[in-house]
Each structure stands twice: as structure tokens, then as C-alpha cells.
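A.B. asks: Have a look at this one before I ask anything.
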């Protein structure tokens with residue numbers, strides 16, 4: 001464990017630790033373009049440490065693109081350009097010289113469809129630890145058990161860790177992916193509609209898990225399920241298309257967004273009148 | 001029963017016969033070929049045949065040097081072609097953008113190479129490896145020529161296989177903070193391995209069965225090779241020689257062909273087992 005934390009610290013660039021009032025993630029005027037097409041414009045958002053923030057809104061309005069900026073997965077999209085100011089604990093996330101490998105170890109990502117590697121359960125979990133430099137077997141085994149317990153999967157799989165991860169159910173696969181992301185002790189966990197490819201029962205299990213993860217990391221979740229956003233999130237940001245470009249029309253606590261929205265769009269959207 | 005119903009029933013029977021008949025003919029052709037080779041060749045095969053050198057131009061003795069030469073030539077071909085093929089496939093799939101013209105050109109060249117008659121490879125190998133590079137008639141020249149020949153097969157298989165790796169695995173590895181080269185070596189290549197092995201089966205099969213390209217490069221000498229620079233005769237060349245140039249060599253040609261077929265089947269079986277093992281190890285639920 002100590003070993004792991006040491007590794008995580010190694011990858012953390014030296015920045016001033018923000019006080020409680022300073023948001024962990026600070027976005028100001030963030031815009032994303034794919035080639036000549038602008039998909040996200042002028043997004044400003046603060047995300048507090050230890051909170052769950054839900055990004056809601058219809059499809060195609062840039063929620064996933066914004067999420068991709070937070071761990072620079074947008075770098076994989078050809079001709080993608082991000083402008084504005086985006087900081088994680090003070091560090092400039094848009095700095096072209098930023099070590100994205102270290103960033104992605106601090107900011108984990110859970111995909112819409114569970115994507116375990118087609119290896120055994122153990123190998124799926126061993127791999128990121130070994131990549132992060134944890135050479136000895138015992139700390140790896142301890143970290144694997146700790147993370148599988150954290151996602152409630154230990155009791156279900158501890159006796160078949162060497163079985164194929166692909167043979168698990170969809171919900172178990174998604175929890176395995178969450179455990180895999182937790183292994184590196186990320187500060188932030190990004191979740192891109194993590195329950196949408198799951199059946200309702202598995203979805204509910206993953207959703208319950210999100211609540212329990214709040215204590216270990218800050219969570220940013222994209223969801224189309226408003227009821228889910230209301231259940232799991234502390235704060236919400238509604239993304240909307242304006243003139244073909246996605247932007248945030250309103251953000252606030254869940255109570256504000258769902259019970260006292262300021263914008264008419266938000267009021268209509270949370271009522272289900274528009275989508 | 002109406003005439004229409006009768007007609008429909010007759011059509012169904014004809015279709016049934018055709019559906020079963022075509023594969024039956026295919027299987028029958030293979031069975032006939034195998035039966036013919038076994039019938040004529042099995043009698044000659046014993047332990048001595050596999051472990052001794054040929055005598056009297058192959059009319060007596062065994063095929064031990066040919067087994068060794070075949071193994072060496074195929075091993076050289078695989079050792080050279082496999083890394084090149086996998087490297088090219090990684091370049092095409094993981095590094096170059098899909099629209100890159102370099103990728104198109106590489107693919108087109110390899111397709112042309114794949115369609116080239118093997119005799120042309122023989123002449124090329126003879127000119128380049130034997131003469132220009134001074135390797136002479138040797139197992140090395142033969143192996144390198146075969147490497148050129150199986151390269152397109154391996155490359156295409158590796159490329160298709162890597163393209164088939166789900167994007168979720170690729171992005172998942174990068175999202176876990178794996179550097180790109182580690183994502184390729186630790187996740188993407190192992191994911192694509194079953195497909196690469198399937199391509200290897202095809203490539204090894206083609207290399208083992210090759211004659212024309214080897215006659216001009218590794219040569220005819222039927223002694224046990226003692227170095228890679230020695231000339232050596234592979235099983236397929238031995239079959240060719242016995243049946244074309246040696247009077248009374250037919251039975252031995254059949255026996256050698258039977259060993260070659262057996263070797264091909266065993267290799268294909270082993271590789272297919274390896275591929276299935278890898279697939280099962282990481283089986284995804286459909």
C-alpha cells in the first residue's frame with residue numbers, strides 16, 4: 001500500500017495544494033473543436049474535491065468531449081483542439097508538454113461499455129499496477145483485494161481470479177473496470193454513462209457503488225438518466241446545444257437544478273418536456 | 001397435393017442435394033488424396049526412415065537430413081517474417097492514421113507480393129541472397145526467400161487481427177495511464193495473438209510445402225546440414241526430386257509426402273491449439 005501511494009506521489013507534479021475553497025477542477029471558457037467543427041464552447045465549471053458532479057443533457061452536446069479533456073483522452077481524436085483554461089489542483093491540463101501518462105493515473109476513466117481486457121481477472125488488475133512500477137507480488141495482491149472489496153466484487157470472484165474476465169456478467173465486468181481504475185488511487189474518477197449498457201439490477205449495484213466511492217475520489221459522471229443524477233450527484237451541470245455548439249446552460253446543486261432551476265431549458269429538461 | 005406443392009418439394013430436394021453434394025465432393029477429394037498417399041507411402045515409413053540419411057538417390061535409407069533442413073528453413077522464414085509482419089501491422093493499425101497514403105501503398109505492395117508465383121520468388125532469392133549477398137545455395141538463402149514469400153500472408157493476418165481488437169481495450173489501456181508502446185505490447189498484441197497465430201499456420205503451411213522457390217535458393221544437396229550456410233534439401237523438394245528425377249523413386253516420394261502432410265497437420269494442430277488456448281484464456285462472453 002505504502003508502495004502504491006509512493007508511486008502515485010511520484011507521478012504527481014508539484015503544485016500548491018488547494019485549500020477547501022479552491023475547486024479541484026477548474027474550467028474557464030473551455031472549447032473543443034474537431035477539425036473545423038466546434039463541438040463545445042465556452043464551458044466554465046468548478047468541481048469540488050470529494051464531490052460527485054453529474055453532467056446531464058441530451059446526446060451530442062459535448063459532455064463526453066468535456067470528460068475527455070479532463071484526462072486528455074481527447075488527444076486520441078485526430079485534429080482535436082482544446083482551448084481555454086482547465087486546471088486540476090492548479091496544474092494546467094491543456095499544457096501540451098503535460099505528462100499525460102501521469103495525468104491518466106491521477107484521473108481514471110470508466111467507459112460506457114465495460115471494457116475488461118480479454119485476460120484473466122487477476123491479469124486485468126495486475127497490469128496497471130505493474131505498469132505503475134509495483135514490482136513485488138504481495139503489495140499487488142493486497143491492492144487487488146482492497147479494490148475488489150471496494151467494488152463489492154471480492155466475495156464473488158476471489159476463488160476464480162484466474163478465470164477469464166470476459167466470462168463475468170456485464171455488471172461484474174463494469175465493477176471490475178472500476179476496481180481496475182481504483183488500483184492507482186486516482187484523485188478523480190470520470191464515468192461516461194457507466195450504467196447505460198447494464199441491466200437495471202447491475203446498474204443499481206454500480207450506482208450504489210458510486211456513492212461509496214465518494215470518500216476516496218472526486219467523481220464526474222455523464223448520465224442520461226436524470227433519476228440517477230438526482231440519486232448519486234451533489235452537483236449537476238446541464239449541457240445543451242446552442243447554435244450547434246454544446247455548452248453549459250445551468251449548473252448548481254442537485255436541489256437547485258431539479259427543484260429551483262433558473263433556466264427555462266433546465267426546467268423543461270428536468271420535467272422531461274424536452275430532450 | 002397441388003402441382004405447385006410438388007414443384008416446391010422437388011426444388012427443395014435439388015437444393016438439398018446441391019447443399020450436401022458440394023461439401024461431399026470437397027471432402028471426397030481430400031480423402032482420395034490422403035488415401036492415395038497413405039496407400040502408397042505408409043509401407044515405407046518406420047523409425048529408420050525418419051532417422052537415417054537417404055541412400056541411392058533416395059531409393060533407400062531415410063529422410064532425416066530433409067526433416068532437419070525443412071525445420072531450419074521454416075524456422076528462418078518465421079523468425080524473419082513474423083517480427084516484420086507484426087511490426088508492419090502495428091505501424092498500419094496503431095501508428096499511421098487510417099487515411100495515410102503510406103499505409104495504402106504498403107498494403108498494395110504486399111497484396112501484389114502475395115499474388116506472385118513462387119518461382120519468381122525463387123529467381124529473386126537466387127539473384128539477391130545467393131548471388132548479390134553472397135550466401136550461395138544455402139538454408140539461409142532459402143529461409144530468407146521463404147520469409148519474403150510468407151510475409152504478406154502473415155502481415156495481412158496480423159493486420160486483420162489487430163484491427164479486430166476492440167477499441168475499448170485500446171482506449172482502456174491508455175486511460176489506465178499506460179504509455180502507448182506498453183498499451184501495444186501488453187494489451188493490444190496479446191489480444192490479437194490468436195489471429196496472428198492463425199496467420200502463422202497458413203504461412204508455415206505454405207513455407208513447408210514450397211518447392212519452386214527453394215530449388216533455386218537452398219538447393220538440392222541431400223546431406224545433413226551442419227551450418228546455416230550449407231545447402232540443404234527440404235521434404236517438398238525431396239518429393240519433387242524423387243518423383244521427377246529418380247526412376248523407381250515413387251514409393252519413397254509418397255512416403256516423404258506422407259511425412260510432410262503429417263508434419264503439416266501436426267503443426268497446424270499445435271498452432272490451432274495454441275490459438276484456441278489463448279482465446280479461451282481471455283474469452284469474452286458473446
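Note that Cβ sites are derived from N, Cα and C of the backbone, with glycine treated the same way.
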A.B. asks: When TrEMBL marks a stretch as transmembrane segment, which of B:161-182, B:183-204 is it?
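C.D. replies: Spelled out, TrEMBL records transmembrane segment over residues B:183-204, not the other listed ranges.
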A.B. asks: If TrEMBL is the reference, give me the range from B:46-66, B:109-129 marked as transmembrane segment.
C.D. replies: B:109-129
A.B. asks: Among B:12-35, B:109-129, B:135-154, B:183-204, B:252-274, which stretch has the most Cβ pairs under 8 Å to the transmembrane segment (B:71-97)?
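C.D. replies: Out of the listed stretches, B:135-154 contacts the transmembrane segment (B:71-97) most.
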A.B. asks: Restricting to the same chain and to residues at least six past its boundaries, which positions have a Cβ under 8 Å from a Cβ of the transmembrane segment (B:12-35)?
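C.D. replies: Same-chain contacts beyond the flanks: 261.
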